[in-house]
Structures are given as C-alpha cells and as structure tokens.
Amino acid sequence: MSDIALSISMLSLVAVLGLWLGNWRVYGVGLGIGGVLFGGIIVGHFAGLSGLALDEQTLHFIQEFGLILFVYTIGIQVGPGFFSSLRSSGLKLNGFAALLVLLGCAVAAALHQLFDVPLPVILGVFSGAVTNTPSLGAGQQILAELGAAPGSTGLMGMGYAVAYPFGICGILLTMWLIRMFFRIKIDEEAAQFEQQAGKTKESLQTINIAVRNPNIHGLMLSEIPSLDEADVICSRLKRGDELMVPRPDSRIELGDLLHLVGERHALRKVLLVLGEEVETSLSTRGTDLRVERVVVTNEQVLGKKIRDLDIKQKYDVVISRLNRAGIELVPTSQTSLQFGDILNLVGRLDAIEAVTNVVGNVQQKLQQVQMLPVFIGIGLGVLLGSIPFYLPGFPAALKLGLAGGPLVVALILSRIGSIGKLYWFMPPSANLALREIGIVLFLAVVGFKSGAGFIDTLINGDGPAWMMYGVAITLIPLLVVGVLARLYGKMNYLTLCGLLAGSMTDPPALAFANGMHPTSGASALSYATVYPLVMFLRIISPQLLAILLWAGA
C-alpha cells in the first residue's frame, strides 16, 4: 500500500472511531466532533507501538487544508451578519475575549515563577492549553531569536501535545458547567437571540394608514417626505373599492388607505404626517393583485441597485420586503441585490411573472455551489494569512496564518455578496458538509500526531505536572470570564459559547457549540466577531511572555 493510501486509510479509521466516541452522551452531554481528537490519540498510540509511521508531509497538508476549509465556511456562513454584530456588540465581546487572553498569560507567568517551570515548557503548555497552533510556532520562533538551546523547540512541542487534549475538553467542560450552574435552557436562549437579532418580533412591521392630512392631498407619492425616506415602503393603495399598486407618480387623495412596511419607529413617524391608523384590511385576496416571494438567482442582476431595474415603473410591481441571510431589510432604491435574496413582490400576476423572469427564481441554483469563488476565496485567504506584519520591538514578524487569513477573507467576500457573475453564496447543506469534513480532517491529524508520545509523556517524567499546568491555564480564564460575562454582562449562552470558543481559537469547541442548537447562528457569529483580534493576541502573547520571562530569568 502506498504512503498516501495508508495515510488516508488510517485517518478514515480515526474519523470513524472518533465520531463514534463523539456520539456517546453522559447526562445529555457528549464530546461531539471533539471525539475525533481522542480517536486520533488512541489510533496514534497503537500505531506508535507497532512502529507504523505515516508520511509527515501528507499529514501536514491534510491538517492545514482541513483547518482552512473549516474557517472559510464559517466565514461564509456568518459574514452577512458579522459587521452589524461588530457594530452592536463587538466592543463588549472583544473586551471579554481580550480579558481571557490576558488572564491566560498571567496564569502562565505565575506558574513559571512559582514552580520554576522551564520557559520552553511553559510556552508550549500555554499554546496547547489555549489550542492555538500559530501561538506554538510564534513561541518557537521567538525562542530561536533569543538564542535558546537547540532542544527548546522539541520541549515546546511536547508541552503543547500534553496540554492540547484538555485544552479542547476544558472549553467543553466550561460550557457544560456554566449551563448546569445557571440552569440554562438552550431553546430559550436561541429564541432570545433571534428576538434580539431582529429576526422575530423585532422584524419589519406593517401598518394601514388613512390619509387625513389636507396638506398631502394632490401630492405625488414621491413628493411626500416621510414616504420618500429609505426605511418605509408603500406597497398597496386603496381608493374606494379599488386596490392598486402605488407608483412614484401616483397622486394621493384624502381618504386613501395606504399599506406601509418598515421599522416600527419609522412607521410611527409616517403616521404622524399622514393621518391615522385604521383596521381596514388591504388584503389582496379577492382582487387581481398578488403577493409572491421570489429568490434572486439571475447573475445579470447581481450587484445592481433596485432603482436600476426600475421595477415599479416598468412592471407596476412593488418590492415590499427583502430577506437576506434570515434578516429582513427594507428594500430601498439604493439596495444592491445579492444571490439568494428573497423578495416580497406585490402586483398583478402577469407583472409578477415578468419580474420573476428578471430576478431568476430558479430554485435549483440555490442547491448548487459555484466552485470558482470558493477557491478564489481560499487562495486569497492563504495569501493574506502569509503576509508578515512587522511591529516595532518584535524580533519576529506576525501573521494571521492559515486559520486567520481565510476567515477574514470569507467574512469580507460573503458581506460583498457578488462581484460580476461570481457570487459567494453557499447552500447551508453544502456549507455544513464542507465545514464538518474540514474539522474532522484537522482533528484526526492532530490526535494521531499526539498519540504516539502521549501516554509515555503522561506516565514518565514531568508529564502529569505539565498537564496540570495546562489545566490551570485552560480552566481559570475560561471560568472567570464565562461567569463574569453571564452574571454581569447578561450575555446570551449561545453567544457566550461562541465567545469562549473564539477566545481559544478552537474550531472543535465551535462545532460543539453549534451542535447545541443547529439552526441558531449565535455561536458562530460571536466566534467570528472575536476571532481576528484574538488570533492577533494569541500570536503576540507567547512572544511577549518569552521576552519578559527571558529578561527576568
């Protein structure tokens, strides 16, 4: 059997064993995708005993490519809501994340001083305890720059391997402990997040208004200031017994009934200008008007503004709502269309069919993955992650790495939506499949590599002490920040789980958190919100620790 065939066969065995272990549940809690790590340790241990060795280059490629797939698909998933989340809660989330990193550094420095732990060992344990591979690389590089002994990098690697498994388990344990201590109900937390995110009760509102203001009489719809604003849409007009679709040049008369769509505060402002709210129904039922939902799939309209399509004038159809990535938006004339946008159309059936032909509404396209943008995004992400950033006073350059680069690029591209005929939309099922494959590959290799020397390190020498140092570095910051964020920050539990996973740059923990409520994007959103800053801090922190502790030695 060739080296590549043997490597793939062994990793498949690791995945099967690990996923089986992950399905075991104790009191309703299981390892989930994290079981693959322990499947890898078990298989790696017995492979080491039998003298079986896999090709290092193949393993390294599979590990890194799996990680790239995982973080890229996470970025594509949360990108549309990432920047709005950053504006609304980014400061709070990143503040807690920075505190967690700072506490971890403080615990590591204290252990080094109190127990006289060698600097390479504590740096390796620190990197493993926070499950951050770039941190390990940065630490090894700074030790070489400082002139440490040649065996220092090996010591760091051993410390990393010993601390890494509990680094993952510690996050899962912290999530479980917080859930038990605060008696949290997952479904209630998910519903609360949806409400706060504006996806349920706080979504767009509708109101029927009777025109009572004589100053409005005779004005065209486009001449009424309150209706010309970007946050209110007039989708229906009833005059007497006739229900019609209003056009910008439609003249308003006293007694007209208008059906408006918008945010609650905007509708209240319009109500004060136009007249009074009425209970009269403006339903299209029994009339020649229809309300239909169509999906934007036509590549020709991607990136175009609604005003450029001139739908109101050409087809006498109003777009009353726009749903993008589960969030309802007011479809203004300045809104650019993206692939997968869901439009609410109001108009006559033949006119709606004409607009449908313009925007696409081909359901099969929603199940297809455009592969060219995927590899463009991954390639750009790898390039960004490889760019060195030089800071004054640091002997080594800083990089986002293969985990940070693809994530940042995916966030930006999914927010842009489309460029020409290229669109960064991925069906949820395809996104989930690629994400799960990526994290399984990554964990399988990490576990397999750690398995060979794992038991020996634990049983002989200082292995148990190193593991306890790792436990302290993992648990103390997580528990302190977790309790503070929940108790004083009043943070949603699913958001908190994403914060903890992101603060430890731990994809398996995010996969575990996502599994608690698969339909909620709360954990992934907070993970992506803190990840860029945390990755930067995780790369800097071992270098700062090395410089400070080396100087104090």
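Using N, Cα and C of the backbone, Cβ positions are placed for all residues, glycine too.
Keep in mind that this is a model prediction, so the values were computed, not measured.
Within the listed segments 65-85, 338-358, Swiss-Prot records transmembrane segment for the stretch 65-85. Looking only at the domain 'RCK C-terminal 1' (191-276), the predicted model's pLDDT averages out at 83.
With a threshold of 8 Å between CB atoms, the same-chain residues lying at least 6 positions outside the transmembrane segment (403-425) that come near it are 67-68, 71-80, 82-83, 133-134, 299, 302-303, 336, 338-340, 370, 372-373, 376-378, 380-386, 505, 528, 531-532, 535-536.
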